[in-house]
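Here the structure comes first, spelled out in structure tokens, and everything after it is commentary.
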Amino acid sequence: MTVKWLNLVLILLLITAVSANLLRVKLQKTRSKAVASIANGGKLFLRNTYDDQYYGHMTIGTPPQNFTVLFDTGSSNLWVPSVCCRSKGCLNHNTYNSAASYTYSANGQPIYLQYGTGSFSGYLSTDTITVAGLTIVDQTFAEAMVEPGDFYTYMEFDGIFGLGYASISEDGVVPPFYNMVNQGLVSSPVFSFYLNRNANDAIGGELVFGGSDPNYYQGNFTYIPVDSQGYWQFRMDYGLVMGNKFCANGCEAIADTGTSLIVGPQESIDIIHRAMNASGDGGNYNVPCDIIPTLPTVTFYLGGVAFPLEGKDYVMQITTYGAQSCYSGFSSSGSNQNGGPSWILGDVFLGKYYSEYDLGNNRVGFAIAV
């Protein structure tokens, strides 16, 4: 989770306004609940808040304690608030009570987690966790003692479930998906996401552990090799809008379900916004809602294949108190001084294209979502 929810004002507007060993998590826009099991796994309904956050249900401990977590391919740690947390950000959320779980194992090692929206501190604990009917034993996770209050107080998820590579996991903690694989709970070291961008649909999307779901994509996957095993990072060929290239000589990009927008270098984002005639002050960029059908196509080239986005794909349409506003789904990351990826393909991109994350072959696949 390198840069999360950069446009805080936009986010606050959003808030106000299967086969054996293939485990599916449904993303739904209603309260999380369990549904009938499937062979050797299960389905869970999860939630999608205004196409900004995709999250769902899991439990920790025995007897189970319930949590809602954001499934994030841009980080690798699992954390939830501790019952001992007194930060403002913990007050409106479910908290973990180790004393109430007989499968808890003390660790106590301090941990510090830094995200784009603030820092967390706490300590490590180990317990049994269950997600999508899949039970992982001896999973180490972070109990948050200090959270950034002004932001996380209003988030509808309690914690974050990291799905990145182990190399970026803080303090060497084994990520949950690695333990799923190591404990033989999935037949294939693959997971995949369908993110529904229609705010009126009941089903917000689906997360599959152990494979992908052909009900939610069409055609073949285009696979791009991961070239840096930390984030799900790969080489982007280039981008194009109205005949103008950006990332002309190729650049590094990551697929990040925990970032709402598409984030890129200022120079490239300026090219896109000029083509859109978007107006803004360097933060949120406004677009007249009535011109969405006429906006230019923005195309990303990955693995030699074109992945176009139309205006309806990349404009965020927000209704607050009966009034509709439209915002660009592109945001600038500023300068890239740390040598990290130049582009973050967040939910705006991943809503149009079904994504598959193949840990065994170290590759990311994209197909047209349906």
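Keep in mind that glycine also has a Cβ here, set from the backbone N, Cα and C atoms.
Remember, predicted model here, so these are calculated numbers, not experimental data.
Residues or ranges marked as signal peptide in TrEMBL: 1-20.
Marked as domain 'Peptidase A1' by TrEMBL: 54-367.
Annotation comment: TrEMBL describes D72 (among others) as active site. Secondary structure at D72 (active site), taken from DSSP and collapsed to helix, strand or coil, is strand.
In this structure, C90 (disulfide bond) is part of a helix by DSSP. The annotation disulfide bond is assigned in TrEMBL to C85-C90.
There are 30 other CB atoms within 10 A of the CB of D256 (active site), with all protein chains counted. The feature active site is assigned by TrEMBL to D256 (among others).
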Residue pair D256 (active site), C85 (disulfide bond) - Cα distance, angstrom, rounded: 28
Whole-number Å value for how far D72 (active site) lies from C85 (disulfide bond) (Cα to Cα): 23
Alpha-carbon spacing, C90 (disulfide bond) to D72 (active site), which is rounded to whole Å: 19
